[in-house]
């Protein structure tokens, strides 16, 4: 029997089998709720080109990036071999020879076969010798099967080319093929049978690969690029709203996730970069962003019965997340972990499944607008100890409306910093005012804890209060408030110009409005708050301030986009430490201690609280001072002499 | 079965209390009000009974912020919400409100009246005995579990020394709830927003028929106690300072 009909039969059979093995995914995606991810095609394509073409995120881990790039590029070159192998037999007469199949293409195939093997070797070395922790929980057998199939495909094509050369073909464009030919001659193997056996091994391995893919993480060969293309183009800080067609705020089954959320599950490559950067995972809590995705993916693949929330995904897993967004930042295929976690938390909250501590905080927020349970009338109490009155923005127009936030207003550990910021604003002649008892918690973390209804209530209350005021810009102390006001309040049609106090201070210094005595260049390190840096790109203003104040910045290894969360975000600050082996804040302080700096500079009220507690717990408060960036700035001639004294005293105590 | 549950609004203890100019009341103008914690448990027990045996729950609230709390009660599962008009805006006096509560229990044909065992304005838990006496119903205070079996209630009451007594009581009855069988549930913001559309009924104040017997002549704020001293974080200084304080107070010789 001729080879053509046999190849047609096995190819079609393999294709059918592949489709059959993909049936559940296809059905799931076809039935999933809609998501609007079709706008801005050029921007989307540009992202794909950078992520796939340039391997930008992949190369953040150089070895993985390079080995993947080798395999990836070699795959495209060697695809010409596949085209030729199938084309020549499926359509007799088909050949790449007219466009160089026997010359330059042959040379490229030869060289990239070797590069593919090199990439494969590095992958094997990485997985079995280096054993990075991020692979913990990834399927080892899946990777091994793929390695064997790639090895079979590449070695069979080299043997086939070698056998052809032994049979009299021209080997001048195939240096590697010629070496294999020499080997075959030495082994005294007959040319034609060897070529045919190698050909069918090649075909068999490729079809096996195809059939295998639907059940393997290697789906990403087909799905990574679309998943990146359909990525979220909204600002990182806008949490997805509850779709209007949804009956309840949360999600109780995989089928309620829109098609992009489900495509995410299928695109995961199990690379574990998310797991490696996750503060919850590092602290020993039962959350790995990778396993979160693969557990849901496996449930989707197996049509698993049983509940999603509290079944496939444990409640403790969902509550462990700090919403720091490090996982999404690290993911090379743009998987969106947080929208899924928030949607599942929304279900838990709607059902009243919250821990007692979180319940207290949310009840306080419902009743009083702050998590501490303090009366609203005490919100502006910190202004009493200032040497000057603060304008009430509700009753007189101001240039800058200062949204102070809960921790900066109420927490005695932070109030000194808040007063220092007020003094700096005043010294620079900023016309500012606050909302006094009309301010409520911004709702940033309420929303991310899954309490959408309460978030709406808080947001609406703040928006109403803000709209009553006459102002030009809003400045916030807390990066969390910054994020909510800037990004989340857009859902209510409120578009304010919002900036962080570090941005305003940097602007004032650049404009020469603050007269600063520079310190002597002492070494400090700086912690990027998640909601200022990763979420809103505020990396440089705090660094500019540190420099302007006369300090030398020594960044920690994990800085800027790769900053390591303090552990307080997304409502974690209202949860207990049960199951935590090492608090993220203490992990971070250890990182800073290894640098040999004296000060740990922060730009978030929660960080001041978290890291002060961490240095106390580690007994290193005398060694490493936690100071807010505002506390570093000392005015040359303060309007009142006692201002400077208090600041210095504060720095000593802090 | 129909359950009437009483929700009293009390001054938020985190606020700063100030006396009125005549020194006989608390200045309520600048205070935040919150639901009495024991009443929160009474509400929870009512909802748990409803879930276990299909009762109807009528929530009646008294004091500033009643509407907000009644919406919360509806969001948690109450079937009807009634704001009771209060006389004046002073303290919620159990002797004074008992008549209104009893009138409501009769007009709503309630079989069970649940109240918190006490409130900051009724520390001695008088509402339950007053209501029980006026209605002529049996009453038990200090429950930590209320269950229903056949047509009788089984009520567990906490006693001292870790002892708990369980009563069987015929309905109708009045129970003063100390803790619900389960901690009060969390009700989400979306359910609260949904419940904010519920119509809230009103009930007039009814006299209890008690003769005037006593009235407050003076209230006093807690006295200012001595403040603490921070001994710092230098172990040697702390030890020295501690030793000298102990010596000065006569606890240790030097």
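Each Cβ is built from the backbone N, Cα and C atoms, and glycine gets one as well.
Cross-referencing A:103-125, A:172-194 with TrEMBL places the feature transmembrane segment at A:103-125. Counting Cβ pairs closer than 8 Å and at least 6 residues apart in sequence, the transmembrane segment (A:145-166) and the transmembrane segment (A:6-22) reach fewer than three and form no contact.
Long-range neighbours of the transmembrane segment (A:197-213) within the same chain, counting only residues 6 or more positions beyond its ends whose Cβ lies under 8 Å from a Cβ of the stretch, are 7, 10-11, 14-15, 17-18, 21, 81-82, 85-86, 145-146, 149, 152-153, 156-157, 159-160, 163, 219, 221-222. Under 8 Å from some Cβ of the transmembrane segment (A:6-22) lie the Cβ atoms of residues 86, 89-90, 203, 207, 210-211, 213-215, all in the same chain and six or more residues away from its ends. Through the fold, the transmembrane segment (A:103-125) approaches residues 63, 66-71, 73-75, 77-78, 80-81, 96, 143, 147, 150-151, 154-155, 157-158, 161, 173-177 of its own chain, all at least 6 residues removed from its boundaries and within a Cβ separation under 8 Å.
In the predicted model, residues of the domain '4Fe-4S ferredoxin-type' (A:310-341) average a pLDDT of 96. Residue counts for the domain '4Fe-4S ferredoxin-type' (A:259-290) under DSSP, split into helix (H, G, I), strand (E, B) and coil, are 20 helix, 0 strand, 12 coil.
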